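**Student:** Here TrEMBL flags 21-41, 47-67, 79-97, 131-152, 158-180 as transmembrane segment.
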Amino acid sequence: MIRERTLQQRDPLAALVGRPTSLLAAIAVPFYAAIMIALNVEDVVDPILAVMSLLLTVATGVVFARASNPMRAPFDRPSMVLVVGGALLAHVFGAASMWGENAYVRDDWGPSVVGLFLLAVAPFRPARSIAVAGVISTIVVAVTTVAQYGTLASAAPIHVLVVVAVTPVLALAAGSAVFAHELVASLDRWESLATMSTDALVGSRSDGIARSVQQDRVTILNQDVVPYFTRVLAASSVTDADRGDARSLAENIRAVMVAEADRSWLDGVLEQLGGVAGGSAGIRDESHLADLMTIDQRTVLRAVLVALHGQAGFEPGSLDIKLVPHGVGYRLSLGARVDVPAGALHELLDPYLAVMQILFRDLRVEMERPALRLGFGYGHR
């Protein structure tokens, strides 16, 4: 999945926090359209078309609310087409309902509805996509205005009326595109600074980490190997028991080295959380597919596991993680028992799921107390 330059895909939690605003827009825009139709009811010559235009606005609001749901992320291009197309169709029906009796274009509600929906999609679509939609919408509104010119009461020149009609669309679309661009640009600047700080921190600690790893190896030698050699050197000869001890030491050291080589980052996470190591019932990942996840994917999966282990009612022994090749990539399936009400589990996991919806393919979540089942795809083979 190609990630677009949108706030929702670059910072899913910010889009999740803004969910109430999206719902407000989905409700407020149709409400505004209903008020404007009521205020200009004397201009309506075809009530059926007026009602259809209002219903289209309501339907567009429903589509927008559904598409902007973090659990259905990302807000893709087809959703954008449906929202903008629905708003433009509502505008055309609204203009048709007043055809021949529309005194002034300045109080037409259609262009404002189109512009408000374009403004509402700012957190979900790239600036370029919004700008293109704004240009197309401006052309449609301009054509509609020109077509009505002979029936309008205003004696102003046609170009003036067109400017008046398209101003709400142009202004709100331009504002939305600039806002969307600045949101992502600010994230780029923050990530750049964070990366520089992280690189500097890693550089300053790399020597210490290397010394720590070396010390771990020396500790193993001091505990087992050095005493053995000291005993052998102190003796006058090498006995069969010494040979047996040597074989045992070699096998133990080899087992430690193999275990270290076979450990994935996911094994390490569960061990830190007090879980079980890979190869047991906890993780089934014979091909080390967990290591093929990106840094972002590892981070959110680690956060989910930490959150589950910190939740009362979670049974660590029930955790079962399986990674297998699947389709064009790989798939992780997670099962666990979390004996808490569904609402509490949703409250715990929804922020993480909003991020996972962006980072992984085909996210599937089932919560049937006490069972939790989660699966997603990632990577490419």
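Cβ from N, Cα, C; glycine included.
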**Student:** What residues elsewhere in the chain lie close to the transmembrane segment (131-152), defined as a C-beta under 8 angstroms and at least 6 residues from its ends?
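**Tutor:** Distant Cβ neighbours of the transmembrane segment (131-152) are 80, 84, 87-88, 91-92, 95, 99-105, 110-111, 114-115, 118, 125, 158, 161-162, 165-166, 169-170, 172-174, 176-177.
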**Student:** Grab the same-chain neighbours of the transmembrane segment (47-67) for me: Cβ-Cβ under 8 Å, and only residues 6 or more beyond its ends, written as numbers and ranges.
**Tutor:** 22-23, 25-27, 29-30, 33-34, 37, 75-76, 79, 82-83, 86-87, 89-94, 96-98, 110, 113, 117, 120-121, 124
